[in-house]
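Remarks on the structure that follows.
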Amino acid sequence: MAGSTTGRRLTGFWPMWNAGSAVADRNRGRCGPGGAGRDASALGSPTRRPDKALRPPWLRPYCWQACAPDAGFRQQENGMARWLAAAIAALALTGAITVTAESEARADGLAPAADALNGVLEQFDVDGAVLVRRLSDGAEWSGGGARIDERFVPASTFKIPNSLIILETGIVTDIEADIVAWDGIERRPGWDQDQSLRTAFRRSAVWAYQGWTREIGHTEEQRLVSLFGYGDEHIGSPDEVDVFWLRGPLTITVREQAGFLSRLHARTLPVEATHMETVIGLMEDDRGEGWILRGKTGWANPQGGDLGWYVGWLEAGEETYVFAVNFDMTNPDVQSPQRQEIARAALEAVGAF
């Protein structure tokens, strides 16, 4: 593809290759619209120069030489054309004017900008916020205006940092074999059974995480939440240790979610590297040819209204795009799947997929 791309770009320079031939127009004694530029066949002729309007602006100052009947000027202009041809050929060989597949792919998406993703939210007719960050260069796209910096309870998206805390404190050492027994309270399908850390994460079994968090204790939970710099770092009093991420007081913004996930992806959080790898593995949601989607949903109703979250990142080739979405769910039964759908639509809009 690189060869064809280069060829396509060089075609755009073709008028410069012909710019040195002005014999026919010199015989007419002018360069204007009445010259060779009026004849389409002149573009491919070695004896004619394209019309002035077809030449790049930076080449037009040499028109006075091309129009002059003096043979010395003709020789000088032909020499310049040969120099330009050699320079363009050298650029092509070094790849300086080759459009890479990566840059072409990026050109397919929206330019990074605040509110660039407002259209995605409008498409789903929701009141929310979305942010996508490309980790290779820090480029960001967002939608929802000031809401990306408004605070909300993290709900089950907190299972990402809490899984790290559970592993770091040794409450769970094997994500498959260490089982927490179901307490017998019927809640919903998928929850009402024994859970491992893996199944509890994927099924978002709140009761299992509440039990592990009580076992960790308020002091250690607070220490690690603060060490992570997660949200506003405030988990409340000891009697709130198993609800602080569902009802508050812990809150986090869309932008802060992206920041925490960026640090997790970079493996720079202050926990064992193996624990970060384990949690990153738990986060895998979907995969296809050349890409892996990792994330965690959240759903809470701390003030009576339903809030939906989806946060994570997309690994696509050599690029990684961190994302965070939240919105008010006025009809949760219908809108629950839209948490992932909005994120995917945003990733597609920026050219990540």
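Placement of Cβ uses the backbone N, Cα and C atoms for every residue, glycine included.
These come from TrEMBL:
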- 28-52: region 'Disordered' (REGION)
- 148-347: domain 'Penicillin-binding protein transpeptidase' (DOMAIN)
- S156: active site, acyl-ester intermediate (ACT_SITE)
- K159: N6-carboxylysine (MOD_RES)
What average pLDDT does the predicted model assign to the domain 'Penicillin-binding protein transpeptidase' (148-347)?
97
For the residue listed as 'N6-carboxylysine', which DSSP three-state class applies?
helix
